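Among the features that TrEMBL reports, domain 'Major facilitator superfamily (MFS) profile' is placed at 115-496. Per TrEMBL, the feature transmembrane segment maps to 112-132, 152-174, 208-229, 241-262, 268-291, 352-376, 416-436, 448-472.
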Amino acid sequence: MVQSAAIAAKGGASASASGWGDLPGRSSLRRRWRPKIVPMPEGGGGGFCCGRSSPIGSASIGLGVEMARLRSGVESIFLRSRERPRYARVRASGDLEDVPSDKLPTKSSGTVLPYVGVACLGAILFGYHLGVVNGALEYLSKDLAITENTVLQGWVVSTTLAGATVGSFTGGALADKFGRTRTFQLDAIPLAIGAFLSATAQDVRTMIIGRLLAGIGIGISSAIVPLYISEISPTEIRGALGSVNQLFICIGILAALVAGLPLAGNPLWWRTMFGIAVVPSVLMALGMSFCPESPRWLFQQGRLPEAETAIKRLYGKERVAEVIHDLKAGSQGSTESDANWFDLFSKRYWKVVSVGAALFLFQQLAGINAVVYYSTSVFRSAGIASDVAASALVGAANVFGTAVASSLMDKQGRKSLLMTSFTGMAASMLLLSLSFTWKALAPYSGPLAVAGTVLYVLSFSLGAGPVPALLLPEIFASRIRAKAVALSLGMHWVSS
């Protein structure tokens, strides 16, 4: 499997590369090799070296000095390696990037969290527009007189996916041309207009147009949010912040399911549910006016003074020289201009691009969108009285699982989480299908349907959900990153 490799020279690896072979840890060396030198008594009598009596004091002292010199040399290896990891991230294509400087990391006076929060409004809208139709479909179908027309109901649901496919392919190109923050502001236009048209629709045609525009918006968001977060995050916390995108998508889905709770008492509440999405769209556009542009994108455009200003805001003025050094070092690995679409299928890149596309293909073939869109209908068929509340429980399981995955991402590794996730999804889907088909389980079909769905979503959120979006910026080189991410996400929406 093609994947990025981090080559680090630290700890025992440094010792091995230097010809020392497998050395024990620093604390072990201290216990084993620290000489114990005791001052010689006057008169030149016997001495003690390393805690042992010796009749030859001068020889003991000489041995102690030599052993101390040996210890000093060995410790210098470990002290050098502990100061700062020296590594080059090698992309699957052979490009070298993200090479830190050898200086000790300075304390940062900047912060990226507020800007990550603004970007995650796009992730919330992504999840909200996906989940809002779940509880509202029955009520909007009655209001728009399409209760008996399942084809039109399907169009209301699937038009969003068609729009998202278009948006995901254009998001990368927009991000490369206009920059990351400006693309967020452009993205807010279809998101807000789509939400408004859906909320005020008096016929199914207007509803479909609104859903199409909202889909284009969330398609752009799916490409630009993880890209922006990965490019403004410091290297030391990039993995943790990378999984925040999926967490906020889950929060958006949960918010949509919770927003549907008043539907039982107010059938027209579905309009408010769609209209709510206008607010975060406007907030995202306004918030991005105050967010710094990606230093990496500015550097690639040759706008060095603006890149330095953005770095000051993100990391503090203390780290400007360090980050600029890293960007210059990274650019030495790939001096070519940005790739075009045909470059993605060249011999150099097609394997890694195929891996990114396959991650999202299998994510969607596992059936998560069917659960997100139709869990309320499934629970209703199983005889669950409070079907919307049960769907909200599913959304809560999604958020919980993603939060757990965020804490395990760097400890367990991406591959193990993916394998655990898909195994759990297969087992829970088997339980869900048996609850409807096995007559012996008919009396328990309702609880089993809820349990199977909750376990399925929980398993999905532990790996299959967050890992693909986190891996994409890690495995793609800078010159193909935006377009390769867009292509992979296009596969995501096409397979939906």
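Placement of Cβ uses the backbone N, Cα and C atoms for every residue, glycine included.
Under 8 Å from some Cβ of the transmembrane segment (268-291) lie the Cβ atoms of residues 115, 118-119, 121-122, 124-125, 128-129, 132, 135-136, 139-140, 143, 181-182, 184-185, 187-189, 191-192, 195-196, 198-200, 210, 214, 217, 256, 259-260, 262, all in the same chain and six or more residues away from its ends. Counting Cβ pairs closer than 8 Å and at least 6 residues apart in sequence, the transmembrane segment (208-229) and the transmembrane segment (352-376) reach fewer than three and form no contact.
Per-residue pLDDT, averaged across the domain 'Major facilitator superfamily (MFS) profile' (115-496), gives 87. When the stretches 112-132, 152-174, 352-376, 448-472 are ranked by Cβ pairs under 8 Å to the transmembrane segment (241-262), first place goes to 112-132. For the transmembrane segment (112-132), the residues of the chain that approach it from at least six positions outside its boundaries are 160, 184, 187, 191, 194-195, 214-215, 217-218, 221-222, 224-225, 228-229, 232-234, 241, 244-257, 259-260, 273-274, 276-277, 280-281, 283-284, 287-288, 290-292, 314-315, 369, 372-373, 395, judged by C-beta separation under 8 angstroms.
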